[in-house]
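Asks: One structure is given below, represented as structure tokens, and several questions about it will come after.
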Amino acid sequence: MFISTNEKSEIKYSRVLFKISGEALMGSKQFGHDMEAIGELSKGIVEVCNLGVQVCIVVGGGNIFRGTSASLSGCERASSDYIGMLATIINALILQNFLEKNLVASRVLSAIPMATVCEPYIRRKAIRHLEKGRVVIFAAGTGNPFFTTDTAAALRAVEMNCDVILKGTQVNGVYSADPKKNEDAVMYDRLSYTDLLTRDLKVMDASAISLARENSIPIIVFSLKGEKIVNIIKGQGTYTIVSDCKQ
């Protein structure tokens, strides 16, 4: 696809990692998958790929199974987390199919080997896929219990040398309180990593934020519903950026 010089000059990032929650795949449903919502999400990712940006994705599994919730109900935590990892593989395969319907080559790489349905995670192989213009979808989190997919996203972003972590949520940025419950909640345009930790703003868990901070990878929090993903790549639209850089 031809990319104009103006479009190239607008692109702020050359390699990005999207963190997509399982809930984002539910759409308006309470459980499972909303194929229309997944289709729209996939089209947004395709638009980013068409700009020549290298894209990798970490997908959650909360629309199918939540390990922490199950452990509170009596299921062993480690077992619950492994079940949650399997849920992320299901989501990754569905997302892969939608991307390939839009003629974007993609590969699912799982931290838990499952050779008949996806590739095992190998860092150098993942980077090679990105260099060839394929979308890489990381499944099964880190492959270890007790670590969230947020931590997996930060880890993979570091390993892939990504320019930014893009966290798509239900709201258009980071707020001082839940805007759905508190109409006085204030949205922040910019925060530092320390702000997230000290104010307990619940954007990502502490280990994910620490990994991003140690490796100077900014985190952008934006709405998957109200904002075109391609605008974020160009530095446009409404979002919160988490970084220690002042510019």
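One-based numbering along the chain as shown.
Backbone N, Cα and C define each Cβ position, glycine as well.
The following feature annotations were taken from Swiss-Prot:
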- Lys19, Ile20, Ser21, Gly22, Gly62, Arg66, Thr169, Gln170, Tyr175, Asp178: ATP binding site (BINDING)
- Gly61, Asp81, Thr142, Gly143, Asn144, Pro145, Phe146, Phe147, Thr148, Thr149: UMP binding site (BINDING)
Asks: Across the record's UMP-binding residues Gly61, Asp81, Thr142, Gly143, Asn144, Pro145, Phe146, Phe147, Thr148, Thr149, the largest CA-CA distance in angstrom?
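Replies: 15 Å is the greatest Cα spacing among the residues binding UMP.
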Asks: Have a look around Thr142 (UMP binding site) and count the other CB atoms within 10 A of its CB, chains all included.
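Replies: Its Cβ shell of radius 10 Å holds 21 other Cβ atoms.
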Asks: Counting all other Cβ atoms within 10 Å across every protein chain shown, which of the binding-site residues Asn144, Thr148 scores highest?
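Replies: It comes out as Thr148.
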Asks: Say we define neighbours as other CB atoms within 10 Å of the CB. Which of the binding-site residues Phe146, Tyr175 has the fewest?
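Replies: Comparing Cβ neighbour counts within 10 Å for the binding-site residues Phe146, Tyr175 gives Phe146.
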Asks: Return only the integer: C-alpha distance in Å from Asn144 (UMP binding site) to Gly62 (ATP binding site).
Replies: 17
Asks: Report the nearest neighbour of Ser21 (ATP binding site) in space among the binding-site residues Gly61, Thr142, Phe146, Thr148, comparing Cα positions.
Replies: Gly61
Asks: Return the residue, from the listed binding-site residues Gly61, Gly62, with the maximum count of other C-beta atoms within 10 angstroms of its C-beta.
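Replies: Answer by Cβ density within 10 Å: Gly61.
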Asks: Under a criterion of Cβ-Cβ distance under 8 Å and sequence separation of at least 6, what residues of the same chain contact Thr169 (ATP binding site)?
Replies: Ser21, Val221, Phe222, Ser223, Leu224
